[in-house]
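> Here you go, one structure.
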Amino acid sequence: MTVDSDARISRPAAAVLPPADGTLVTIPVGDVRLETGAVVPDAILAVQRWGELSPDLDNVVLVEHALTGDSHVAGAPDGLHALPGWWDGIVGPGAPLDTDEWCVIATNVLGGCKGSTGPASLAPDGKPWGTRFPEISIRDQVTAEVALADLLGIERVAAVVGGSMGGMRVLEWMVGYPQRVGAALILAVGARATADQIGTQTTQIAAITADPDWQGGDYHGTGRAPRTGMGLARRIAHLTYRTEFELDHRFENRAQDDEDPWSGGRYAVQSYLEHQADKLVARFDPATYVLLTEAMNRHDVGRGRGGVEAALASTPVPCVVGGVDSDRLYPLRTQQELADLLPGCRGLEVVHSRDGHDGFLTETTAVGKLLVQTMDLARSARGDTVSRRPDC
């Protein structure tokens, strides 16, 4: 089943762009009908913007975040975001996404927990959504983003870019709305979820839902949350985001400081994973993690479109496909398939990194070069004759 902009059953009045300094605003996008036929009523998306919108409304770059990311792509921590922007250095004046030229917009996805409507937010009855929040897909998230673009009067984005779960949304934009996308950058993702990914991700979900504090998923407002299960899920996930080589190079089989693993103490790598878990538990809602992870399990750009090959062949959008050579979660073969099947791709771009899947976030110089390529495609699609390339 293909969901397009007509799937929304109501729409509020036209919206105003957020401030150009990255200040977060929430924008109502109306009722969103999902692939399942369920409806999220009066949905809200958290939105941030950097850079000015051109008079012709033709310089918008939509940046798509990954699973535990949000709309805070760049900038210092603020009241809602405990961390600096997750792509700091990539967005800004003179950066690969140069805000002197481009108007960069990012949302927190439908189902998220950083200002958008999701399990942790209040339903129309004033109570937390919890388990009443419907199951969603990556395609549904893009339906909500298209609704936002409509409300902002943006008929076509110059480019849409993202990695991991964000790359899934890039693909859905390209295939579902090719006429509305000038160019695209797809990073560290495949055309569909693999058995390995689903296996790992359902194990993470099981860790959360097995925690007694999960309370059937309706724990919001009780003073208890499945923090232990969430921490275990993060530890499992983090191992898939990094590499065996990097972890062994950093930690080997050493004990943590003066602790003794023979007497109940921890290994150094164990302490590291616990630290990563604690950071996420402090800032992310477990039910949101479950909901969005299930959406990733359902990722299949070919669903209802005749299969992956037919779906990818249908989009003419010029694009750059990038993969990380050490990524064990989304191995290079999955990006090679995209590069081979997308008509607008000239070949796979490989990012060299010891950091595994996280390389799309940590290798900012290499990724910046891919963004420069992408924005050249966006200029060409817009009809520009001059290419402007910032140093990367």
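Placement of Cβ uses the backbone N, Cα and C atoms for every residue, glycine included.
According to TrEMBL:
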- Ser164: active site, nucleophile (ACT_SITE)
- Asp327: active site (ACT_SITE)
- His357: active site (ACT_SITE)
- Arg234, Asp358: substrate binding site (BINDING)
- 61-363: domain 'AB hydrolase-1' (DOMAIN)
> Ten-angstrom check, please: count other Cβ atoms within 10 Å of the Cβ of Arg234 (substrate binding site), all chains counted.
25
> Within 10 Å of its Cβ, which one of these recorded positions (Asp327, Asp358) has the largest number of other Cβ atoms?
Asp327
> In this predicted model, what is the average pLDDT of the domain 'AB hydrolase-1' (61-363)?
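Residues in the domain 'AB hydrolase-1' (61-363) carry a mean pLDDT of 98 in this prediction.
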> CB neighbours of Ser164 (active site, nucleophile) within 10 A?
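Total other Cβ atoms inside 10 Å, all chains included: 24.
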> Which of these recorded positions is closest to Asp327 (active site) if you go by CA atoms: Arg234, His357, Asp358?
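Going through Arg234, His357, Asp358 one by one, the closest to Asp327 (active site) is His357.
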> Taking 10 A as the limit, how many CB atoms besides its own sit near the CB of His357 (active site)?
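So the number of other Cβ atoms within 10 Å of His357 (active site) is 26.
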> Reported as an integer number of Å, what is the Cα distance between His357 (active site) and Ser164 (active site, nucleophile)?
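Cα of His357 (active site) to Cα of Ser164 (active site, nucleophile) measures 8 Å after rounding.
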